[in-house]
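TrEMBL lists 1-18 with the feature signal peptide. For 64-83, 95-113, 119-138, 186-211, 299-316, 323-344, 350-370, the entry in TrEMBL reads transmembrane segment.
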Amino acid sequence: MIFLTSVILLFITTLLQLILSPYTKVEESFNLHALHDYLHQSTWKSFAVEGDHSTFTGPIPRTFLGSIVIGLISSPIIYITRITGLLKSKFGEQVIVRAILAVINISSLSYFGLCARHVFGLTVGSMTIILCAIQFHLPFYSSRTLPNMFAFPLVQVALGHFLVTLRRSNSSVPARRRLLRAGSLLTIAAIVFRLELLALLAPLTILALLSRSVSFWDVCTRGFLVIFAALEVTVPLDSYFWQKLTWPEGASVYFNVIEGHASDWGVMPWHFYLTHSLPRLLGLAYPLSILGLVLDRKTFLPGLCATIFICSLSILKHKEWRFIVYIIPLLNLSASVSINRLVGSRTARWTLFGLLASITCSQTILSTYVSMNNYPGGKALHDLHKLTKLQNLNGIKVYIDDLSAQTGASRFLQLNDKDGGGTWIYDKLSTSIKEEMDLIITEESINDDRFLLDSFTLAFKKIQINWRDWPWIRLIMDKERVKTYIRKSILQSS
């Protein structure tokens, strides 16, 4: 019962994060807009030629496979909710597609927890899922259309299979088959979504060979077949949509690693993951996770794989926490093992865990509040459509500046365009002449008598800590981050 409760908690916190922060950032835009085009373009040809990616190509191609899979699942749900009147606008479509991705990710995480329960027991399995549920990053990002989160479910199922092989028992599925499944899933995730996952696949494969659970022939034949199959899917599919021969992940690694363009996004020290990312991701569970790697031999091997993975990615100059998001559940498992091994009494274990959970929840609440106020572009565009004075106007031209587009003003929020059944024109090209627009959403101040400043949109600016003044922690908001301007002439005509 306690494990089921922990899984339900995980689903609740994830969907709650989606509801509280329904807007998106620029990192999610490619897959999100690919989903928009899949749902609204009439043919595959128009999807390929007229899609958002044809206008905003970006420096490197990305795969469409994840977006198409989510689109296939969401299409009938969106259709049913539309004809029943439950879905009122395209904004609801954005929530639905993100919810589907969240359910897939959380289901895979639940499978990982189930495998942890099978190997380490009910208490450890339940604690692992609860930690994942009350920490900020996994529930918040599980619904976000980042390439990493499309790879995430494949990795969790793979790690679940790997965990089960650590237990010496008569399993219904032999260790050889489970290890080959794990390797296959990681290979698919690497070839299609994130090639750096080869750094996690490599140590897992070596351990499998050393344990003699699989043979070198098994690894070579299965590896060749899976790589060939993955390339057979991603290369033709993505080449069609990009209108040129391409393997997106190969092109990405060549651009970022071989040519060194990843450094354009920032250079971090070699210890960034150890001293910055993992403390943020895990909180107080971080030191416990390190301790757990040495307290139980069954956590040592997966912990070794995670360590090699982190060290491999630390070689690269540019680092982001989402590059190592896949091992958060594994480290939470290790932290749960620590609590289980350090404290003998069942009551004392849950008391210690409750203290850890309380502090973690406080951190999560603060992070959630900050994130809710971190999408001024999306909120400004959404609020714009609620203005009664604009309801019956046709042919309106809306300009969206770079900041607004990067902070939530996605195509799903362009409610009155032709895909939404309206006649409005939304423009976010930097070459556009703003003065020719009817509505302008921008961070800049416009000094033009033809335009009226209608509203400001708040945005989070920084956290201020002052131990001499209560409250010690204050959130500083930018009260004029994004501004909405309306041409006076359209107000007179309405």
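Note that Cβ sites are derived from N, Cα and C of the backbone, with glycine treated the same way.
Of the two recorded stretches, the transmembrane segment (323-344) lies close to the transmembrane segment (119-138), with three or more CB pairs under 8 Å once pairs fewer than 6 apart in sequence are set aside.
Counting residues 6+ beyond its ends, the transmembrane segment (350-370) has Cβ neighbours under 8 Å at 17, 20-21, 127, 130-131, 134-136, 140, 283-285, 288, 336, 339, 342-343, 460, 463, 473, 475 in the same chain.
By number of Cβ pairs under 8 Å, the transmembrane segment (186-211) is matched best by 299-316 from the list 95-113, 119-138, 299-316.
Note on the transmembrane segment (299-316): residues 159, 162-163, 166, 196, 199-200, 202-204, 207, 257, 262, 270-274, 292-293, 323-324, 327, 330-331, 333-334, 337 of its chain, located 6 or more positions outside it, place their CB under 8 angstroms from a CB of the stretch.
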